[in-house]
Amino acid sequence: MSDLKLSPLVIKLGGAALDCAETLSKLFGAIAQYQNQAQRRIVIVHGGGYLVDDLMAKLQLKSVKKDGLRVTPYDQIPIIAGALAGTANKMLQGQAIKDGINAVGLSLADGGLCHVEELDPELGAVGKATPGDSTLLQAILATGAMPIISSIGLTAQGQMMNVNADQAAVAVAGALDAELVLLSDVSGVLDGKGHLIATLDAKQADALIAGKVITDGMIVKVKAALEAAQDLGRPIEVATWRYPEKLAKLFGGESIGTRFLP
């Protein structure tokens, strides 16, 4: 991994981290410290499922998931886009600015970064993102700013789409040819006894899914990580944000969670 410092780093932030200002502050502190020390270009991609859940509950709308993915009726996408591209994005940007980071808030559509199409008619306005044109993103990174990208995209027809944030991060990393780290509530993939699995390939993952050891939203995360490892031709790490003091090691190439092998 001698070219590690040269390649950009995409960090996917998700889960309950977005719900706690103290955690976010520690996270951005660790990210800023690493960025300064390594002089590395960093991009954040985020979801914000809990914000969507809160908003749906307030509006008395039901949240439905299919195979770990949120069903997004087309008449609800303006609300969900508002929560993710609006509230969640500005909240993260605000925290980053507070911690001394020059942050720029973006979506998957900006500069044609990702192509987005409907994933499955049964899921509604849920998109699949594929890598697009990273020229604008590269220009922003060249200024030393840190892009913070929501998982809301637009189709070629201008239709708003909600993209799973893990899948969105994979597409952004593909567009940039970047290293990718997926940070979440969990420390990585656990075996049937609750122990962390250090490395995982597609065959092992399929066996764990078939054996119901990997379930629900973790299936989406595992599939996204395996797809990323294949597409990018490099290992992808799934780890927790809960120990900010370990993140510099992780960003520098050490494994602290589960490493997915191409």
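Even glycines carry a Cβ here, placed using N, Cα and C.
As the structure is a computational prediction, the values presented were derived from the model and not from experiment.
Feature annotations, courtesy of Swiss-Prot:
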BINDING   GLY48, GLY49, ARG70, ASN162  substrate binding site
SITE      LYS12  site 'Transition state stabilizer'
SITE      LYS221  site 'Transition state stabilizer'
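On the structure: features taken from Swiss-Prot.
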residue	record	DSSP class
LYS12	site 'Transition state stabilizer'	strand
GLY48	substrate binding site	coil
ARG70	substrate binding site	strand
ASN162	substrate binding site	strand
LYS221	site 'Transition state stabilizer'	helix
From recorded positions LYS12, GLY48, GLY49, ASN162, the one whose Cα lies nearest LYS221 (site 'Transition state stabilizer'): LYS12
Intrachain C-beta neighbours of ARG70 (substrate binding site), sequence separation six or more, cut-off 8 angstroms: GLY49, VAL52, SER63, VAL64, ILE80, LEU123, VAL126, ASN162, ASN164
Fewest other C-beta atoms within 10 angstroms, as judged across GLY48, GLY49, which are the binding-site residues: GLY49
Alpha-carbon spacing, GLY48 (substrate binding site) to LYS12 (site 'Transition state stabilizer'), which is rounded to whole Å: 11
Candidates LYS12, LYS221: member of the recorded sites with the richest Cβ shell (10 Å): LYS12
Output field, substrate shell: CB within 8 Å of site CB centroid, site GLY48, GLY49, ARG70, ASN162 dropped: GLY47, LEU51, VAL52, THR72, ILE80, ALA83, LEU84, SER151, ASN164, ALA165
